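Noted in Swiss-Prot for the protein shown:
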type    : residues                           : note
BINDING : F254, A255, G256, T257, E258, T259 : substrate binding site
BINDING : C393                               : heme binding site
Amino acid sequence: LFQLELKNIPKSFTRLAQRFGPVFTLYVGSRRVVVVHGIKAVKEVLPGPQGRVLGQRRHPAFHAHRDRGIIFNNGPTWKDIRRFSLTTLRNYGMGKQGNESRIQREAHFLLEALRKTQGQPFDPTFLIGCAPCNVIADILFRKRFDYNDEKFLRLMYLFNENFQGLSCPWLQLYNNFPSLLHYLPGSHRKVMKNVAEIKEYVSERVKEHHQSLDPNCPRDLTDCLLVEMEKEKHSAERLYTMDGITVTVADLFFAGTETTSTTLRYGLLILMKYPEIEEKLHEEIDRVIGPSRIPAIKDRQEMPYMHAVVHEIQRFITLVPSNLPHEATRDTIFRGYIIPKGTVIVPTLDSVLYHNQEFPDPEKFKPEHLVDESGKFKYSDYFKPFSAGKRVCAGEGLARMELFLLLSAILQHFNLKPLVDPKDIDISPVNIGFGCIPPRFKLCVIPRS
């Protein structure tokens, strides 16, 4: 434990990997942790044969979600519920035209809200977050919130506070010593309180859906899960329960809001730091889309620079640098090492996204990392911000689409204006734990003529 820098655990893992190699064991208290570092080892352990014996490590702060849902579920229901949720998400437009139109509709409301700032400084944390939150709310609840709705803003505040809380040093300690620290004051108490409040809100929505459910005409993903529950209500072994559905929907609501929101916000800060990159994006948008047509996914083919910038933002910030910690569900052997059941396994994504041969000067923000010599977008097999294998992010397709369409729409209509000289903008994260937390900032958005 004392070899870890709690404010930047991924940095500690990198330092230890340089000393001990790509696979090493450390003990946090009595807990055995195996860190897997570097592209070769990570690709072996996630999509490879070992991926089949990896479960999700239970997170003490999310004890209320224990063995339910799809994020921190390590129980027997996880595989089937995840598979059904993914299929239903695809049916509701995941990566297809259905979600494209959802995002385009929401982009209209986001642009209107940005215009109302009238060029004055504002904190983008919740305003920018409204768009991805409404997109996932429509998929889950067939509901759209007004940007000034108090409950809407409260939910986004809880999502944001939990993402930051999970990344603070105290939570890193609590995750490894929950029995010792549970009764002490600390940020773990706030996270658990927030989890309970989010779950209560989602539970109310699920109950409302159940009361008005038409099994022949499901309105959204929540209805689809409830239909499955009704199908097996006479079964001895039930996969779907009201509480399980609530946790699954809450997982998707949190993940579908906060990750995309934080990435967009961090992206705006980076673009203000590098106005020459923003200018190149304006030129590409003007040439391909023009001033009035709403951006579409088909534009990606003609906008390699925007496509590269969106990917480079994700690579550079490495939103979840140490991945979601996994756990060996049975004894296994990896690279000749015996890994006992219950061992925590950490496949580090930052070691892949910051690979210095694939991405020269990886600590620098360079869209050229993903552009080839002819100026076309260059896909990299090292681009793994959504993880890999059976636990890959369920919303990867939706997130990719949101980032491209929303960022394109913002830059189509606005110039970003920082409150300080670009060279004085600090784009270093304020905390790196579960997630990579960007600094708070204000900006102005100036309508383009």
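Cβ from N, Cα, C; glycine included.
Annotated features, which come from Swiss-Prot, shown on the structure.
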residue : record                 : Cβ neighbours (10 Å)
F254    : substrate binding site : 24
A255    : substrate binding site : 19
G256    : substrate binding site : 25
T257    : substrate binding site : 25
E258    : substrate binding site : 23
T259    : substrate binding site : 23
C393    : heme binding site      : 18
Env. residues of substrate site, Cβ within 8 Å of mean position of F254, A255, G256, T257, E258, T259 Cβ: P132, I136, F159, L252, F253, T260, S261, G395
Mapped DSSP class for E258 (substrate binding site), helix or strand or coil: helix
Length of the line joining the Cα atoms of A255 (substrate binding site) and the residue listed as 'heme binding site', in Å: 9
Local backbone state of the residue listed as 'heme binding site', from DSSP in three classes: coil
